[in-house]
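Colleague: According to Swiss-Prot:
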- 199, 201, 223, 226: Zn(2+) 1 binding site (BINDING)
- 212, 217, 239, 242: Zn(2+) 2 binding site (BINDING)
- 25-118: coiled coil (COILED)
- 115-160: region 'Disordered' (REGION)
- 198: site 'Histone H3K4me3 binding' (SITE)
- 209: site 'Histone H3K4me3 binding' (SITE)
- 213: site 'Histone H3K4me3 binding' (SITE)
- 221: site 'Histone H3K4me3 binding' (SITE)
- 196-245: zinc finger (ZN_FING)
């Protein structure tokens, strides 16, 4: 329930409270006034009794004493009624205070529940944003690893369509250069799990790479650093595995 609803319901419940309090206070004032009137009457009766004690007969004395006793009895009744009204007024106010405390407790519980829901939503939203940023970083890393020049293309071993770089004179093409990227830099980059790997190190394409001139080479592309090259060799070049196979033949 919204705070406005709690406040509205509480204000509705105490709408008649001022009138009820005013009525009880007015009744207590009336009782006070009636008690004061009786006290004045008692004083007069007592004065009459004392002043005329010697001249009054026994019956007259008993009559005055009876009137004084009845007046005191009335005062006691008025006092009891006043106490009852005071207790009723206290309970009336206390009831509204307890209801206010209950409504406040419910309102605080609702606030905590909404804060928890808001925290869960912010957490899931933050995770979604982090996931989106991670995906963007992966795409950016792949774009960086493929080089700055649009005409430079990474090798694709799946269909062997991009055997663009061979060191042999038969193809006469220079090796593809992907920029000055070191293996440690690539290892720190986010990697797409679907991106193919190459070389003896089974890493993605980066830096300068060279293709094996054996058309049946299972790996096909190698990083310069992994095969001990610093520059492109002249003539045909075979990877270490293919070189060993050729020596066996």
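Including glycine, each Cβ sits where the backbone N, Cα and C put it.
What you are looking at is a predicted structure, and each value in this text was computed from that prediction instead of being measured.
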Colleague: Find the one among the recorded positions 209, 212, 221, 226, 239 whose C-alpha lies closest to that of residue 198 (site 'Histone H3K4me3 binding').
Modeller: 221
Colleague: Please work out the number of neighbouring Cβ atoms within 10 Å of the Cβ of residue 209 (site 'Histone H3K4me3 binding'), leaving out its own Cβ.
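Modeller: If we count other Cβ atoms within 10 Å of residue 209 (site 'Histone H3K4me3 binding'), we arrive at 23.
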Colleague: Whole-number answer please: how many Å between the C-alpha atoms of residue 199 (Zn(2+) 1 binding site) and residue 217 (Zn(2+) 2 binding site)?
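Modeller: Residue 199 (Zn(2+) 1 binding site) to residue 217 (Zn(2+) 2 binding site), Cα-Cα distance: 11 Å.
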Colleague: Please report how many Å separate the Cα atom of residue 242 (Zn(2+) 2 binding site) from that of residue 221 (site 'Histone H3K4me3 binding'), as a whole number.
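Modeller: Computed Cα spacing between residue 242 (Zn(2+) 2 binding site) and residue 221 (site 'Histone H3K4me3 binding') is 12 Å.
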Colleague: Looking only at the zinc finger (196-245), report the model's average pLDDT.
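Modeller: So the average pLDDT across the zinc finger (196-245) works out to 89.
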Colleague: Distance between residue 212 (Zn(2+) 2 binding site) and residue 221 (site 'Histone H3K4me3 binding') at the Cα atoms, whole Å?
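Modeller: For residue 212 (Zn(2+) 2 binding site) versus residue 221 (site 'Histone H3K4me3 binding'), the Cα atoms are 6 Å apart.
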Colleague: When the Cα-Cα distance from residue 213 (site 'Histone H3K4me3 binding') is computed for each of the binding-site residues 201, 223, 226, 239, which gives the smallest value?
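Modeller: Nearest by Cα distance to residue 213 (site 'Histone H3K4me3 binding'): 239.
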Colleague: Spatially, and counting Cα to Cα, which of the recorded positions is closest to residue 223 (Zn(2+) 1 binding site)? Options: 209, 217, 239.
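Modeller: If we rank 209, 217, 239 by Cα distance to residue 223 (Zn(2+) 1 binding site), first place goes to 209.
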Colleague: Sequence gap of 6 or more, Cβ distance under 8 Å: name the residues on the same chain that satisfy this around residue 239 (Zn(2+) 2 binding site), in order along the sequence.
Modeller: 200, 212, 214, 217, 219, 222, 227
